[in-house]
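Annotated in TrEMBL:
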type	residues	note
BINDING	HIS563, HIS567, CYS665, HIS669	Zn(2+) binding site
DOMAIN	1-708	domain 'Alanyl-transfer RNA synthetases family profile'
Amino acid sequence: MNAQDIRSKFLQFFESKKHSIVPSAPMVLKNDPTLMFVNSGMAPFKEYFLGNAEPKNTRLTDTQKCLRVSGKHNDLEEVGYDTYHHTLFEMLGNWSFGDYFKEEAIAWAWELLVDVYKIDKDILYVTVFEGSDDADNLSLDTEAFDIWKKHISEDRILKGNKKDNFWEMGDQGPCGPCSEIHVDIRTPEEKAKVDGKSLVNQDHPQVVEIWNLVFMQYNRKANGSLEPLPNKHIDTGMGFERLCMVLQDKKSNYDTDVFTPIIREIETITNTNYGKNEKTNIAIRVISDHVRAVAFSIADGQLPSNTGAGYVIRRILRRAVRYGFTFLNTKEPFIYRLVEVLAQKMGEAFPELISQKQLIENVIREEEASFLRTLEQGLSLLDSIVETTKGKEVLGSKVFELKDTYGFPEDLTDLILREKGYTYNTEEFNAELEKQKQRGRESSALQSDDWTILLEDNEQEFIGYDRLEAQVRLVKYRKVTSKKEGEQFQLVFNLTPFYPEGGGQVGDKGYLEAPNGDVIYILDTKKENSVVIHISKNLPNNLNDSFKAVVDVKQRFRTECNHTATHLLHQGLREILGTHVEQKGSSVHSKYLRFDFSHFSKVTAEQLEEVEAFVNARIAGKLALQEQRNVPMDEAINDGAMALFGEKYGDTVRTIRFGQSIELCGGTHVKNTSDIWHFKITSESAVASGIRRIEAITNDAVKDYFETVDNEYVAIKHLLNNTKEPAKAVLTLQDENTALKKEIEKLLKDKAKNLKGDLKAEITEENGVAFLAKQIDLDAGGIKDLCFELGSQYSNLFLLFGAENDGKAILSCYISKELVAEKGLNAGQVVRELGKHIQGGGGGQSFFATAGGKNPSGIAQALEEAKNYIK
Ligand code: ATP
Ligand code: MG
């Protein structure tokens, strides 16, 4: 069965059990401070488990892109070395939200594996949670145990500890006991030697877990305690690539058709063979795995960068480049060339790989090239470190500096040093690394207390589309402390007019007013999952009061002008540059807007003017806002609304329409485009290969801009004697300036020529030497030219010129080569010795040398003593 079929069989099976098939959520998470990437199938459904949102069906099934490269679940270092852990993998799942529980979950898992996929049940083992006698004090999951007994012989049911059989997404959140299903795919000979039972959960490459059925019944709180969830849920996750390995009768995920096409391509490009040599194998596995992670992430809108999620992606790609560089001898970008096969192979299930192929390739190629340059630079730095090292051990601090300042990875340093017969001090290196980590922890440490709940069971409502003021009650609050912001409070209200930062738009500011008139400022508003959090420096005195919550109207309005303008800009860019333009990032502030989009060349000045005119025409057109809430997603898309990759949408969406511009958008907007008054682009630049950035301003900011420009214009006109045509006047000035420069050049040349004639007349003959020592009025370059011109006419010339320039003294000495040879004279020595009079030093060659000094009054004395040299 090929991978495609295996995937669809899974989804169809659960569809037949009344599940709705839903698409994979984007891999990169926004609005979740506890998690950077989706690391398991359940992450996108967290809000359903916590009861903060409702799914459209209590039974869902999907295949979810997961990335395990940071935080609690981090498999990065395993990847490539073993044959069954990936960075990016698909997790097939079936979900019950307060619907069926253990009975059906277990029965269906068994039915699918044994009856549908026809896996021999004699290669299967299952586990149940044995309980824990720690603070959680949980007992054996007898419920699961008894259900399993109906399907599988008891000696194949193993009891497992908390590490393997109690599933937690992170330090906080929904969790519960689980039952894993393992396969033993060893040969009969191997099985005869060692019982499979003893290999379960022992990291054996052919006795591996394929499916985990999690019985979600608790919520882990920030203080570490467990509380029962209001409803019990099922969360299952089956590793798609591992399932393919079993069903395709392979011993490694990399031998399935998920990976073989990519591996074949790597072999062709790098002229290597997979399966011949372990180092090569590891490198090929690393690369074939990492290109998937990076490509999917870029398709989801997360480009490699220097911070946060972008940095994780950059590190993954660099790991791949490094393995290629070291073990496959690849010195040119090549990983981007694998995107083609990947898109062919997986594009059907994940169409974003096809639609964004060019961008993915460009970004990867550029990253590769830049990291390869880093590697080259690192190699030469490493050479010079080795040269200056006494003994055979390089300082750990040097290796750290290579890594920290130049981005040159320590394992590569280690490898190269070994080849040269060197080592480095790892203790010293680790100490430096620890120091750096400590600095990082200190600057970013954020500590949050548990929530204090004031109103139980209070769903909160956002009313900020319609109102900017409301009477609100405090539902819960907590204190958070960070190095950067100090102590702050996070407040949650029963309803709120404050827009939380999201969709690129900044969060609202404003204030809370207590009945007695006391005021507390809201500094920012953010969203954590679906909860709106208001940030303040203080708490109200009486927490149970009803408060007047007031949004800062001015800031909100300016932000809205910029948000609406962003939509018009997006429309304009697609109209003028073409429909390949796709939003790649947007940041809407009260003072300006920033819009990143895919486009493969610089936007010309004419195009920018056109775009500006396009937007301003729509502002002048007085287009009214048409907002629709709760539109079914398909309907909105059919209407022509644009959905963004990497954005997570619900089943129903909100659409914002101004004339022909229709976008899915949760942000706030002006009532009419005429509110924007005017739109002005302030800059256009590149952000990454194939991605451009436009910054622009609207309304008051444009007024300020015009005022500044106008003031400047008036000042310029004034300087130009209030001429009516300043630009023309400047042109005239420029022309005049050019003419004057030419004239000066000519005059200087003439002067030098005259000077040469005059000086020649002053040269005297003494002891067979043509001699002149004199102070002249030229700079060092002029003197040099003069020396060589005069020098070309003599074969016995000795010149010493002194000059004063900007308060500094120079002495230049010229001696014909013949004199140098005959009399052993040396210009360098002359200026060194005479240089003491001008309090300076210098040098040069035996026939020409110059000294500089800070005492011009010594020039005369130096010139005086020049004669001594030819006596
Ligand atoms: P393992 O112990 O093998 O690392 P796990 O306990 O971390 O697995 P779960 O968190 O329970 O796995 O995830 C559910 C399923 O997802 C696993 O049964 C496995 O099939 C798959 N899986 C987990 N991690 C990876 C990975 N890094 N690469 C590929 N598949 C994975
Ligand atoms: Mg794991």
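For all residues, glycine too, the Cβ spot is worked out from N, Cα and C.
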CB contacts for HIS669 (Zn(2+) binding site) [other CB atoms within 10 A, all chains]: 24
In the chain carrying CYS665 (Zn(2+) binding site), residues 6 or more apart in sequence that have Cβ under 8 angstroms from it: GLY503, HIS567, ARG654, THR655, ILE656
Secondary structure at CYS665 (Zn(2+) binding site), reduced by DSSP to three states: coil
Surrounding CB atoms that lie within 10 Å of the CB of HIS567 (Zn(2+) binding site), all protein chains: 25
Number of Cβ atoms other than its own within 10 Å, given for HIS563 (Zn(2+) binding site): 25
Where HIS563 (Zn(2+) binding site) falls in three-state DSSP terms: helix
